[in-house]
Each structure stands twice: as C-alpha cells, then as structure tokens.
C-alpha cells in the first residue's frame, strides 16, 4: 500500500510542485516568443520565411547557371585571394616579430606557463608563424605554377557541368525525392521502434482491484480532504514475458540496421539516377539534339529496373562500417569511467580508422554508382574500374576536387550569408519600407525568424550544390573514360567539348567525303 499524490485524477498523476513551475515557465517563454513571431499576423506566417527561402533558391540557381560564364575568373580570383591572405599573414607576422624583437620580449623571460595568451607577446611565436606561413605560401605558389593546366581542365569541366544543368533543370529538384524517401524511412523506423515497447504492470489497490493494462485506473475523481492520502494503483514493473519484450534489444538492433541500410540505399539511388542523367548528356554526340527528352525520368526507371541489387550491395557495405562505428561509440560511452589508458587509446585509434574507412567507402561507392550508370555492370566490377581509373589520374582528381570544393564553398557562403544579412536588416527594421503590408513587424525575438531563414537557405543551397557536385564528378569520370577509350579517329571520336580538346591539344578527324 503506497500513498498517492492528492493531484490524482482518474489514475494519472499531475505535476504539482517544481514540475508545474517548469510547465508555467515553458508556457510563458513559448507565449513570449509566439507573441514576437506572430506580431506581424498573417503576413509573417505566409510571406516572410517562404520569401527568404525563395530568394535562396533563386540565388543558388543563378549562381550555378552563371558559373558557365564566370567560373574561370571566379576560380582565379579565389585562388589569388587565398594567396593574398597568406601574403598579408606573412607581413603581419613580420611586423609583430620586428616590434617584439626591438622591445626584447623573448620566451626566456616568460618560461613555461599554461596561459597561452602570454605566448602571443614573445618574438619566437611570431617567428614560427612567419616561417610556417612562408613555407605554405611557397608550396601554394609552386602548385599554382605546375598545376596550371589541370586547373584549366577543372574550370572547363565546371563550365560543362553548368551547361548540363541548364539543359536538365529538373535534376536540381531531385533531392526533394531523396528527402521524401528519407523522411518515410525515418518515420517507419520510429513507429517500428516504439511498437514493441514493454507494457507497464501495476500492483492492486487496497480493495483488491487491479488496474487494467489499457485505460485508466478506477480511482474516484472526487478529491479527498487535505491531509488524507489517496491509495490506488501504483506502477510496479514492465511486462517482460511477451515475445516482443523478451527480444526487445535484438529487435531494436535489427531496426537500426534496417534504418541505416534503407537510408544509404535512398542516397545511393539518388546518386545513380543523377549520374545516369548527366552521363547521357556527356555521351550525346550532338548537344542538345541527342540528349534524351526526359533524361532524369529515363535514368530513374533504368536504375530501378537494372541496378537495385548493386545499389543495395553498396549500401550494405557502408551500413556495416557505420554499425561498427556505432558499436565503438557505445563501448567508448560505457568505458568512459575506465582509467586504463591503453583501452582508451585503442578505442580512439579504432574510431579514427573506421571514420576514415567510412569516408573512403562513401567516395568509392559514389564513383562506383557513376560507373554503374554508365556501363550497367555490377557493383564490384564498377568499383574496381572506378578506383583504377581514378588512381591513374590521381593529380587531376585532387585538383578538380579542391577547385570544385572551393567554388561550392564560396557559393554556399554567398547564398546563406546574403540571405542571412538580408533577413537581419529586414527583421531588425533597418530596411525602410513605405508600404505597411511589407513593413518589418515589431518582434520581441527577431533572431528566431532569421535563424529559420538561414537554416532553410543552407538546406536549399546544399541540395542544389550537391546536384552540381554530382554532375561535375560524373562528367569527370566520363571525360577520363573518353580519353582512354577514344583517340579522335573517325571510328573512335572524342565526346568531350571543344574547350577541353583545345586544352589537351586533341581533335577529331573528319570523315573523308567520297
């Protein structure tokens, strides 16, 4: 027999003390934020965030399309900008070193200390920074000199990718399909994870009545006088005798494996579909005449018909590695209190190794899916061919990857930063607007809509630029295959654009007229 709280109504316990205070505080904070965000009424709920996301979408699309015209100057400006920042760093370090050397500030006067800010006032720190920056600057200059031609090839491929997207605009919206598949996958996993949870049991009350497993306890709704405890059903334990409950852990592990596998398969499906669409653009002899009318839909249907097994196998390999990483994280969490340094070091090394292995498998799978979309071979053969092809052109791979990353990083900063700054000036009331319908509302907490717009802009930019990155990778593998399999003859003509042929001093022979 256990006393019940006087707040019992129908067998449920209501928060009365500190829990009630937390509820009140939460409701007050939510109401305060809601008053701020709803200050503009229907205008804010229907116009502001969608307008910011629409601007982000238009900026991302405009940036990708303009890369066809400004990719070359933009890449060189970014590269020279990095060199200029390094040169300024060298100049600043030299000025600090000269002033501290004149003042006689040396590390001998400071000695060893845990206050790291002290080391910024000694000449040796700036001398080391000067040497490191000078070495890095020299390496970058040498790379720029010797890799100039490969940078030009990367720029030409980036321009061709922008041209491909201009012909197949529907590919930019395919990430919505992948996102929908992932939402369905996560929702199904959550419902399945909650279904076999254990059922609570209860001990009988003083009158011998038991609480039913479903519903509420048969406790009277009338409250007793103060000071008189209420006795009723009390939670005792969880039911662990059912089939689901006895195997709950195994079922949850199986469910997590299924979640990872299906999620990786959805991502692989998107990569293979996009690769098939962009490959059909590259291998078209006459553009745009020979480009399929519905390249994206054709690639999607072709992938579902012929390549599902290969994609599932690649997703399974990645899932196994991710599952091992989860197990290592679980062991690390369990052994956090352990004082054995060898065990902690071993776990740290294993986590690092499997993190690198996961990154490598993602890279290999991505290129294997491209080869699957091009040639239609199985996963193992495609992965082997893609790996060998990339290793034979490793310098071109590194240059193209870094140049593309630099451009896409600049694009993301441009889109997210531009939309974020515009949202800040708008919601803070710093943009004067005469029309009352579009005037900035008075908000108590204007960082909330700004954060919403910025996060949405980042997701939109990430979706658009992921398609562009897949396009560049696909065209690059097609370009390497074109170089190795064709020689420019009438029987084996090159499919690459004329800009790339000029860079490589290649040309197609024309058939002789009889």
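Along the chain as shown, the residues are counted starting at 1.
Any Cβ shown, glycine's included, is placed from N, Cα and C.
Automatic, uncurated: that is what TrEMBL annotation is.
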Of the residue ranges 406-427, 472-493, the one that TrEMBL records as transmembrane segment: 406-427
Paired segments the transmembrane segment (447-468) and the transmembrane segment (167-191) in contact, 3+ CB pairs under 8 A: yes
Same-chain residues near the transmembrane segment (126-147), Cβ under 8 Å, at least 6 residues beyond its ends: 79, 82-83, 86-87, 89-90, 93-94, 96-97, 100, 395, 399
Same-chain residues near the transmembrane segment (406-427), Cβ under 8 Å, at least 6 residues beyond its ends: 48, 52, 55-56, 59-60, 63-64, 67, 71, 74-75, 78-79, 158, 440-441, 443, 446, 449-450, 453-454, 457-458, 460-462, 465, 468-469
Range from 50-67, 74-91, 259-283 with most C-beta pairs under 8 A to the transmembrane segment (304-328): 259-283
